[in-house]
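In Swiss-Prot this protein carries:
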ACT_SITE  Cys74  active site, proton donor
ACT_SITE  Cys208  active site, proton acceptor
BINDING   Asn11, Asn65, Gly75, Asn76, Asn180, Glu198, Arg199, Gly209, Thr210  substrate binding site
Amino acid sequence: MSFVKMTGSGNDFVFFDGRTTPIDLVTQPEAIKAICNRYNGIGADGLVVLEPLQEEADVRVHYYNSDGTAADLCGNATLCSTAISAQWGITSASGMRLATGAGLINSRIDGLPAIALQPITDIRPDMPIAPATAQGRRVGFAVAGIPHLVILCEDADAVDVAGAGPALRRHEATGPAGANVNWVSPRPDGSWRYRTFERGVEGETLACGTGAVATAVLLRSWGLSDGATTTIRTSSGRDVEVDLEPLTAPDGRSLEGFRPTLRGEGRVVFRGEIAGL
């Protein structure tokens with residue numbers, strides 16, 4: 001079976017073309033774990049199958065975490081899906097509609113892939129979690145397709161992500177499914193540095209697209225970012241950009257929430273064949 005290995009700012013994925021790969025074959029939990037294994041498999045944070053559609057969208061994005069569980073959305077995987085869908089000729093680079101578990105996403109390639117996520121309205125600037133316990137100064141929550149804790153701290157690079165992440169990822173305040181956990185701190189140039197502990201990977205990843213979106217939303221809610229675009233440095237050293245458009249009613253009234261657009265890398269690393277599962 002043919003595959004493509006892709007990366008979005010260090011968040012890496014194994015992609016399959018649903019036109020030539022039986023979806024059921026590669027999306028069994030044990031198959032996903034084997035393919036994503038970094039020692040005996042290809043190695044990745046997640047697995048994606050792209051299935052061309054005819055009506056409600058151009059492509060359905062089937063996304064799975066490396067532990068074999070399905071997820072409604074992965075921002076960096078969606079950026080990569082945008083790039084490879086155009087390369088495979090499934091869609092046009094100038095605009096495409098991607099069906100995800102978190103709703104329809106419009107995307108395009110304009111230098112870098114850019115995806116317009118569904119509006120974010122579940123925003124909680126203060127969570128009932130002691131900031132000191134979370135190694136930060138303030139703890140907020142937002143659902144950017146999937147749930148995220150965002151923790152404002154002095155220096156994200158000094159945080160013990162591996163030590164603090166597991167308990168926070170399952171904190172009762174985030175609900176039964178838990179949440180990804182993001183730590184964010186300011187950089188001298190006005191951008192931000194963040195690190196993420198991801199559920200489903202159960203460890204730190206080099207980048208998290210929806211985490212960057214949730215982080216930008218909380219920074220705006222906390223009054224720490226007032227520009228249209230928030231630039232966030234990932235652990236791979238690459239930047240992602242998040243644009244936030246305040247929601248408005250048809251009559252012009254302001255509504256609670258934002259309409260986000262995420263821009264970032266979606267790059268093919270290598271192509272190959274799987275000998276067997």
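The backbone N, Cα and C atoms fix where each Cβ goes, and this holds for glycine too.
Not measured: the values here are computed from a predicted model.
Apart from Asn11, Asn65, Gly75, Asn76, Asn180, Glu198, Arg199, Gly209, Thr210, the residues listed for substrate, the same chain places the Cβ atoms of Asp45, Gly46, Ala71, Cys74, Ala77, Ile146, Thr196, Val201, Thr205, Ala207, Cys208, Gly211 within 8 Å of the centroid of those Cβ atoms.
Neighbour counts were taken at the CB atom with a 10 A radius for the active-site residues Cys74, Cys208; the maximum falls on Cys208. Packing around Arg199 (substrate binding site) is summarised by its Cβ count: 23 other Cβ atoms lie within 10 angstroms of its Cβ, all protein chains included. Applying an 8 A CB threshold to same-chain residues 6+ apart, the list for Gly75 (substrate binding site) reads Gly8, Ile115, Leu117, Ala144, Gly145, Cys208, Gly209, Thr210, Gly211, Ala212, Val213, Leu262, Gly264. In the three-state DSSP scheme, the residue listed as 'active site, proton acceptor' falls into the coil class. Classification of Gly75 (substrate binding site) by DSSP places it within a helix. Note: the CA-CA distance between Arg199 (substrate binding site) and the residue listed as 'active site, proton donor' rounds to 11 Å.
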